[in-house]
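Database features, via TrEMBL:
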- 17-64: domain 'Poly A polymerase head' (DOMAIN)
- 91-147: domain 'tRNA nucleotidyltransferase/poly(A) polymerase RNA and SrmB- binding' (DOMAIN)
Amino acid sequence: DDDDDDDDRDTTQTLTEDDRWMMRLRANAEERDFTINGLMYDVDSRTLYDFVGGIADIHAQVVRSIGQAEKRFRDDPPRMIRAVRVAARHDFRPAPDLLRAMRTESHRIRTTPSDRVSQELLTVLSCGYSARAVRMMWEVGLLSQIMHTHADHVSKAVLLSGKFSEMSHMDRDESGDVD
């Protein structure tokens, strides 16, 4: 029956340019690391698009992966450092599934080239929220995977001895805030 064949034709032929733009916008949002980074804003129409639940996560002050966190971390282990950075920067907490995935997949950071890990760490440590970030990396086991033999020393000397106030002072210096 010819009418049935018409129903099976490629639907992209009937889409408008606006429909195709919206599909590209959604695909772009879904490729982002975290829901709060998946918000899309159209400057011309002043419209905020949320295809991934980013607005709800901002209100809940939570960092959540787009897609399955374990898979995302397996595909790109430095995402774990970026998750810490985003959470620390905004003083948000990682979603429970994100925390579990970081704990489970933290060993994968060892498979990442040192220059990539160093660049991510440099970004975290130089942007005004290093105390929160280092503590979070330590809590999920990421710090020990990154620093191997030095993690115990850093944990004892910095994290457990009250040195956070010194790191917080350095954070204020880096961010330009004055005591």
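Just so you know, glycine gets a Cβ as well, placed from its N, Cα and C.
The DSSP breakdown of the domain 'Poly A polymerase head' (17-64) into helical (H, G, I), extended (E, B) and coil residues amounts to 24 helix, 9 strand, 15 coil. Applying DSSP to the domain 'tRNA nucleotidyltransferase/poly(A) polymerase RNA and SrmB- binding' (91-147) sorts its residues as follows: 44 helix, 2 strand, 11 coil. The domain 'tRNA nucleotidyltransferase/poly(A) polymerase RNA and SrmB- binding' (91-147) scores a mean pLDDT of 91 in the predicted structure.
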